[in-house]
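Peer 1: Let me give you the structure first, and then I'll get to my questions.
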Amino acid sequence: MKKSRQSAPTFNGVLNQMGVMQPFPLVCLLLLMLFYVYVSFAASSSPLSPSCLLQGLFHLNAMHRAGDVVLGGLFQVHFFSVSPDLSFNSEPDQRTCYGIVSYIFLHLTEAFCVSYDVLGLRQAQTMAFAIDEINRNSKLLPNVTLGYSLYDNCLTLGVGFRAALALISGQQEEIMLEENCVGSPPVLGIVGDSSSTRTIAISSVLGLHRVPIVSYFATCSCLSDRQAFPSFFRTIPSDAFQVRAMIQILKHFGWTWAGLLISDDDYGFFAAQSFQTDLSLSGEGCLAYVEVLPWGRDLPKLKMIVDVMKKSTARVVVVFAHEGPMINLMEEVVRQKLTGLQWLASEAWSTAAVLQTPELMPYLGGTLGIAIRRGEIPGLTNFLLQMHPDLHYNNSNENSLVNQFWEFTFRCRFAPPPAGWVENGGTLCTGEEDLQSVETEFLDVSNLRSEYNVYKSVYALAYALDDMLKCEPGRGPFAENSCATLQTLQPWQLVYYLEKVNFTTSFGDQVSFDENGDALPIYDVMNWLWLPDGRTEVQNVGDVKITTFGGEELRFYEDKIFWNFDSKKPTRSVCSQNCPPGTRMVRKKGEPICCFDCNSCSEGKISNGSNSLDCFSCPEDFWSSPQRDQCVPKNTEFLSYQEPLGMCLTAASLLGTFICAVVLGIFIYHRRTPIVKANNSELSFQLLLSLKLCFLCSLLFIGRPRLWTCQLRHAAFGISFVLCVSCILVKTMVVLAVFKDSKPGGGASLKWFGVSQQRGTVLVLTSVQAAICTVWLVLSSPMPHKNTQYHNNKIVYECAIGSAVGFSVLLGYIGLLAIISCLIAFFSRNLPDNFNEAKLITFSMLIFCAVWVAFVPAYVTSPGKYADAVEVFAILASSFGILVALFGPKCYIILLKPERNTKKALMGRGT
């Protein structure tokens, strides 16, 4: 299979590349056919014969105990079997299990024997112990004796299936038929099998007859399908939960990039399918590769797998496989010296002692694994020590599992021994050998896991049977409220009660089944500790269980975890490093979602990293920091007193105010001189006062805008300038009236421009502007405004004028008075010299109009604070223009040319 980072491997892709169809439908079809043939021939007899004969007997390894009700069991005791000759020249022999073989593990210092699975026998003996304990319990199944028939499946589907058929049909060669066929079946329920593949095959057939099967080790999530496996139960959690537990561990340590290795069977394929689906849905990680481990020592295949692991950047390897494929894989790992990996083991090998050798711990030390919940079974040790072989076991069709274990443990043979055994120095078994005199894993009950599940499976069947036998006639769950009896008991009736069973073990664990036949899920998390003296210890570092809300709760004791790295800390396993703050994740085209680049956020947007797909815009009043990792308040901009421009304008405003005050002082001091009196001193005083207000009102445009300054600035500006221009207008009209009055017959002109009329005219004209300002402020008042349109990273504080119409009317009224004053002064420019103030008024109004005509486009095109600066400049320029044009020449005469400040000079009679 070709693997690369360019595309995430999929479960279906693995199968397609293998060139095989999915195993489940194929196995079921073949086994259904086998069962049909078996049943057809098993019942064959002559129509005239009162008996039926079995077509053939199965040669199996077994343990039996008689009882009123018999429970069956399927266990893995032998690792190997011999295939018969299928030439069909003679009746083929059956596939048989065999004992001692030497399996040489390359690169290790010595050979070891893999001949007899003592753990499988311990599981079988645990079932025998549980049945013995139940029979001694007066409260559970009183007056009913349980028996058992336990068979070895030899790690082979064909042998396991034969054993299951033997359990449900019996091994009697000839059955005498009565007039009516009544009675209980050979076994009422089966505990087993240990393999998902064998359990799928057996359950699919036995489920047709509703024979209950309670497995202690089959974890395939496919077995939760109640339609396909209606009578299947298990006391081990489903792979669906194991897969989610694995994902929780990956998430806990931040491992988002991992490889997946699976065994070449239903257990591995369904685990891979669930793992990929759940990992994708969780969004917590990606798979760098998916590889299928061969069962045999396929060296080219194993070399290719290790090469993929070595080239991959994934430092975490998740393995759903059995011990056998892992042994083959580790041979190649040792050969290529592939270290630095963090292994995550499924429950199938997380506590396998065969892998915990000094030669493998440099590679497997620190392994984290999911393990079946450990339990304690009081009294089991004594029961195992009391086990003795049956010296009189003479069933030609079956071999005693206990006798085989005895021969394996004590290296002896029961009589009659094989030919040449004694001659070659072999010893004979007496049955009196002492188990305590040998060191055997069989007696180690400190870490009971699969055995504890066997124990719970037996008790589940017993409690269901007890509930069924306690049924009161007429109140039963079956047809016409009937109950099952011991004489008419059928397996399907036990299924009903198994679905409702609920009890607590002596260890304190609750046992019940959900609607899919699954037990309450809980796993221990194990860690392979490599001690300094070379010994290995598998320690419990946490657990994972279902929560009240249906999720997974992972609990770790991280201070106890042994990490097989120089840093003594968890490794990092990611395809791409997390994006730093201020960047966003951009996925690489054609690669898994865990492989990405990091691009910086644009201005005004931020990201806190952590692989964010998008950058987030800051709120309106905030802007992104230079690192783009947080929003900071925007800089505020307004025409401030602290900045140079504001200082200059303020100084100019105060200077103009000071000059007005000085000129006013000069005029007051020289108020009796002819030049002051001749130029209407009262209007001059009013004009100077209004100019002073004009200079001062410009200060309202400087500083942070507030509601009162926004409302006052334009009102003060408008009223001050109207007062100023009104005084000039009245002054011009008075000049014109005086000239006309000086002509013959023109005496009546001046009476209309007396002091009262002058004051009234100024007041009326100013009141009009005051009315305009009042209406504007009431209907649409100017107010402070945060303008973010000019600059993205700044807030420009300004005064929104509220109503453009109001502002336009205010300026228009000032302009109208200025134009009228300019026109009247212009028409009066040719008056005699003694009335030459009209020229000065004309010049000052020209300056005024020029400034404000230039102001409009400059104001409209100036952004932010510069618009206020333009308006302040226009106010100051026009004010200085009027001040200098009207009062400059007079102050010059008063201060520097006093000889011209005489009545004769003003009347044109002197030089």
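Note that Cβ sites are derived from N, Cα and C of the backbone, with glycine treated the same way.
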Peer 1: Write down the single range among 445-465, 760-780 that appears in TrEMBL as transmembrane segment.
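Peer 2: In TrEMBL, the transmembrane segment feature sits at 760-780.
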Peer 1: Transmembrane segment per TrEMBL: which of the ranges 104-132, 800-828 is that?
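Peer 2: That would be 800-828, the stretch labelled transmembrane segment in TrEMBL.
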Peer 1: Would you kindly check 649-671, 715-739, 872-895 and say which stretch has the most C-beta pairs under 8 angstroms to the transmembrane segment (760-780)?
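Peer 2: By the under-8 Å Cβ criterion, the transmembrane segment (760-780) pairs most with 715-739.
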Peer 1: Can we call the transmembrane segment (649-671) and the transmembrane segment (715-739) in contact, meaning three or more C-beta pairs below 8 angstroms at a sequence separation of 6+?
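Peer 2: Contact between the transmembrane segment (649-671) and the transmembrane segment (715-739): absent.
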Peer 1: In terms of Cβ proximity under 8 Å, which residues at least six beyond the ends of the transmembrane segment (715-739) contact it?
Peer 2: 679-680, 683-684, 686-687, 690-691, 693-694, 697-698, 700, 749-750, 752-753, 758, 761-762, 765-766, 768-770, 772-773, 776-777, 810-811, 813-814, 817-818, 820-821, 824-825, 827-828, 831-832, 835, 837-838, 841, 844-845, 848, 871, 875, 878-879, 882, 886
Peer 1: Mean pLDDT for the domain 'G-protein coupled receptors family 3 profile' (645-904), rounded to an integer?
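Peer 2: Mean pLDDT across the domain 'G-protein coupled receptors family 3 profile' (645-904) comes out at 81.
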Peer 1: When you scan the chain for residues with a C-beta under 8 Å from the transmembrane segment (800-828), skipping those not six or more beyond its ends, what do you find?
Peer 2: 710, 714, 718, 721-722, 725-726, 728-729, 732-733, 735-736, 739, 765, 768-769, 772-773, 775-776, 779-785, 835, 838-839, 841-842, 845-846, 848-849, 852
